Amino acid sequence: MDRVVLMLSVLSLGVSSQPITDGQRLFSIAVSRVQHLHLLAQRLFSDFESSLQTEEQRQLNKIFLQDFCNSDYIISPIDKHETQRSSVLKLLSISYRLVESWEFPSRSLAGGSAPRNQISPKLSELKTGIHLLIRANEDGAELFPDSSALQLAPYGDYYHSPGTDESLRRTYELLACFKKDMHKVETYLTVAKCRLSPEANCTL
């Protein structure tokens with residue numbers, strides 16, 4: 001009798017934990033994908049910087065520090081403490097918007113090398129994965145209640161051929177912002193994934 005009770009308890013535990021296991025699996029895939037994109041962004045940015053003269057690097061970095069990425073208009077946690085206080089759904093929604101904001105600009109990153117041509121399809125896969133996670137966690141909440149007010153312009157003016165200096169600035173800004181945003185998404189998804197493990201330490 002005791003053995004039967006034990007077996008039923010184990011089966012019951014397995015059934016009750018299944019949704020969490022599925023959620024963790026989806027999160028693991030999403031985190032793995034954004035980690036790959038973040039590493040790719042770091043490599044592309046580093047390669048571009050290496051191709052510049054020292055003075056060009058200094059000037060471009062100075063300009064970038066005074067400028068903003070288009071995605072800065074997406075409201076997101078201002079520091080690690082606010083990130084840790086944010087709900088899973090909020091972190092997922094912000095991540096979705098950040099990834100979505102790169103659907104058009106990522107086309108300008110393509111070409112020249114195989115890694116660059118991987119960016120757009122991998123962003124699309126990541127966006128789909130995050131959307132699945134949102135649907136699994138929204139629990140009746142309205143999806144992106146203020147998204148209609150969010151209209152991000154493309155990075156730079158891609159309808160005119162820029163001069164050499166402008167082209168360098170534009171490429172630098174594009175790669176730097178892409179790296180910055182993929183780092184944000186990686187952080188948000190990692191924290192959200194950690195929330196599925198009640199005993200885990202999600203400190204950044």
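Along the chain as shown, residues are numbered 1 onward.
Note: Cβ is positioned from N, Cα and C throughout, glycine not excepted.
In three-state terms derived from DSSP, H36 (Zn(2+) binding site) belongs to a helical segment. Remark: H36 (Zn(2+) binding site) has K122 as non-local neighbours, by Cβ distance under 8 Å and separation of at least 6 in sequence. Here Swiss-Prot flags H36, E186 as Zn(2+) binding site.
Annotation source Swiss-Prot lists disulfide bond at C69-C177 (among others). The DSSP secondary structure for C177 (disulfide bond) is helix.
A sphere of 10 angstroms centred on the C-beta of C194 (disulfide bond) encloses 19 other C-beta atoms. The disulfide bond annotation in Swiss-Prot covers C194-C202 (among others) and rests on similarity to another entry.
According to Swiss-Prot, the pyrrolidone carboxylic acid annotation covers Q18, on the basis of similarity to another entry.
Per Swiss-Prot, signal peptide is recorded for 1-17, and the stated evidence type is similarity to another entry.
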If we count other C-beta atoms within 10 Å, could you say which of the disulfide-bonded residues C69, C177, C202 has the fewest?
-> C202
For C202 (disulfide bond) and E186 (Zn(2+) binding site), what Cα-Cα distance in Å is obtained after rounding to a whole number?
-> 14
